[in-house]
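Report on one structure; see the data block that follows.
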Amino acid sequence: MAKKSKVLSKNKGVKSGTKGKPKDFAKVKNKVGKQKQKPTNEMKTDVKVKKVQMPAQHALDEKGEEVTHRRLGMVELLGQLQHHSPKVRRDALRGLLELCREHPGVLNVNLARILDSTVVVATDGSPDVRAALRSFQAFLLEAMPQDAVSAFAPTLALQVRSALSHVSGEVREDGLKLLELYLSRLGSEQVLSQNEASRLVGTLCQLHSHVDLVLPCLLQLLQCKSEAVPENVSQASLYDILDGKLQQQGQAEVQADSQIWDFCLRAWMQAGELPRGAANAIRGPHGTLGRPGWMRLRAAAVLEQASAGVLAGHRSARSFSQPSASQVATLSGIVRRAEWPIQVDPASPFRQLADSINLRMARVFALLAAGAAPADASPTHLQRLASAALTAVEQLGKGGARSLANNGRGLGPEAAASAVASIALAEDSQVKPFSATASLCHCFRVLDHLWCGFSSFQSLDADVGRLAEVTSALSSGTGKNEEELAPTTAAMLAIPLTASLIGLQPEPIPCLGRVWPEALSRREGLATTIEEARPGTVLRWATTWPKMLWYLGSSQPQLTGFLLAVLLKLAKAAKPGSIHETLLASTLPLLVPFVAGMPGEEKPPPLARLPADVQLSAAALLLHFPRFTFRLVTAVAELLCRWSEAAADNAAWPDARLSTDCCELLLEAVLRGHPQTSELLVSRLRAALAILKAPSSSSGSDAGSELSVKLATAVAGWVMEVSETSASEERSLGRPVSRCSADHRRHLAFRSLAWPLCKEVCCAGARALCFFYFSARHLPEARDAEPEGTLFMREVFETLVVSHGQEVFKPKGLSVPGCKPLRGEGADQRHLPHLFVFAWMRAYPQQAAYELLAPCAQQLLGSKGAHLAHLPWVLAEAISYRNACSIRTDSWGKQGLGDFTHRLAPASPMEVRKQLEALHIDALSAQHFLAALPLL
């Protein structure tokens, strides 16, 4: 039997799985005197550290230079906007303002992040935080470009919408302030979309407890001229469309009350009354007593803007801005009960405020009468409103015109300049009491709409006569129906209105943009109707324009150019038999003092001191003169002789000069103006001679030389065309030319008119030769060589070449139009001889003219002196002309010239060539001339 294993024997008596297994939560007992054992998972904290010496540790607290005085950066400030403490949020916005003000780069780089973080601040419960937000947004709108801020318009609109829809009245009030800030700096089109603007109007009209804040916001929103689709268009179901109810639904919407009108009329009636007397106004502060007036002024401004939008045809404005018939009746009731116009004492401090309210409401009435009212409005109500508006304008406009006329006494450029300056100062779009000039501007805007709506009145003739009377009183400048014109502000402001009433429709200019008749500019004139109602009224208006030009002088070129443009439109509208033709015939003669100055005055006329474009407009008016007289021709000729760029210098008036284009037009008007009769022929010839003989400027400028040539061209063209105008002018030439051909008459005019003028102006130098050349250019080709022609050519040669050759052929570098410039060596010396040769060959048959140069030149070949230095150039150019035209020279030098025949022997070309070679001439002339001699 085998023995048991020792392993088995050792485990004998021990139950399997019980001994040796640790107990749960067993308590370890330590022996006495023994240290407690440490747990197995204990971490040792005794770490050995070695120190490193560092001067500073900037990486832990470095924030850069873009921090506030509290060492806070942009990230920390934006994070503090979410803090629970209102004080921390307020300080965060103030710190953000400080950071962006001191470091503009932060705002430029992080604009989107900053705007996104400040969206929720608009509805913050703390008023201090909301006030800090407005301060920061005001700085942001000033510091950043408008285009950059407009890119975040949805974010700004979200701020406004969330604030206005808040349950707290204080938050809504601050939201209105924020909206007014955005609208005043950016405009409604930049902040709100079309649909948002329409929706927001309805929201604002429900805030009756914040009238002072809602009215400015409404005014800014209404100035948006975009055509937004109305939001309150009711939806029609398919069953309604099939039943035919859609048309009735649309009609009901047209007749609905306007929310804007309901809000403004309620604000008007709840505002209260202004203190009427001066004593009552002094008892309290103006801010408290004047609050009703300011509220009514803002309400009237909103109604005015709304009515203007409706009349302009904007769909967005018509949807919520057009009043209903009942609201028009409410306005009519206010007028009927004498609650308007507002009456205060003349000495009251609220007089200016009351007049401004009355003028704005008068324009509202005029807009309604002109077409802004609904179709179902009562004509009786509209007529009452229009009559009340005209009464207010008559009182306030005439009073303002008389006040300005009394304060600005004196006629002349100074008074006119001060009046124009006052117009510029009145250009302000803010809602505040009008100044004296702004009141007049508003009066003319009211008259513009009243004139457009007068056709709907019952008593047509009476209304037109009354309107014409008020308009005439204001256009005279004195507030009275007088013939005398005072250059006051009222007279200048009336020019666009009167011009539009006549039917001229001039182009607007900036200085008169505030009073521009927008309504009348879109319709035909009323000149015939006005003249039938009040004869002579239209003529009085038109004759004030030349007088105003004289008073303005050269002080206001822009306004002067506008008046000249009005007169030009009148000239273009003057059809035969029309009223405009009658007006033009009476108006243009009054323009002479402005153009030519007063008789006997040494100072330049106003025209000579104006810019070139304005001078051109005035000169163009002379072409429309119905009839020229001897005095007018003389005055314009004297104007050209004294004040053109080619005239002599005037030390007393160095800046008074007529431009080149103006001088050309003036000369054309003098020579070709109506009528073309023989009575004025002598006057025009004297004027042409005076212009040609006028002394030139000592400076010898290129502009003056060019102008003298252009004037000579114009005179030559007119002189050569005189023989073809009428039989009476043909007889005035002193010869029986009625049976001559057209070519013969041209040559006769050249010898009888052009050449005598040329002889008279030989003292003017090259100008005489240019005139001779331009006259010869109009000649046809000569065919027959007459004995009289030989004598004429001899006279031409002796006058231009011999007697005055030194002055006539003096090179000045003239640029002659129509003459191809010469090139090569000696071009300046060849230019004038070239002109002479061309004219010489056109004045006589070419072969005979070329042969006549032989005895002329042979007579002078033996002479010496500086006065004949131009002779080789003349002969050389003649040789060049002969070769260019292939002129035959078979009998060259065989013709005699008057008494030359018995003194000079016939000379062949070789003999003349030898004599020419013996001439002592300068090197340049010799080089050019000797090169041409072999061609002789």
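Cβ atoms are placed via backbone N, Cα and C, with glycine included.
Taken from TrEMBL as is:
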- 1-43: region 'Disordered' (REGION)
- 1-13: compositional bias 'Basic residues' (COMPBIAS)
- 28-37: compositional bias 'Basic residues' (COMPBIAS)
- 149-237: domain 'Pre-rRNA-processing protein Ipi1 N-terminal' (DOMAIN)
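Sequence-distant neighbours of the compositional bias 'Basic residues' (28-37) (same chain, 6+ residues past either end, Cβ-Cβ under 8 Å): none.
Each residue of the domain 'Pre-rRNA-processing protein Ipi1 N-terminal' (149-237) gets a DSSP state, and the totals for helix, strand and coil are 61 helix, 0 strand, 28 coil. Confidence across the domain 'Pre-rRNA-processing protein Ipi1 N-terminal' (149-237), taken as the mean pLDDT and rounded to a whole number, stands at 78.
Under DSSP, the residues of the compositional bias 'Basic residues' (28-37) split into helix, strand and coil as follows: 0 helix, 0 strand, 10 coil.
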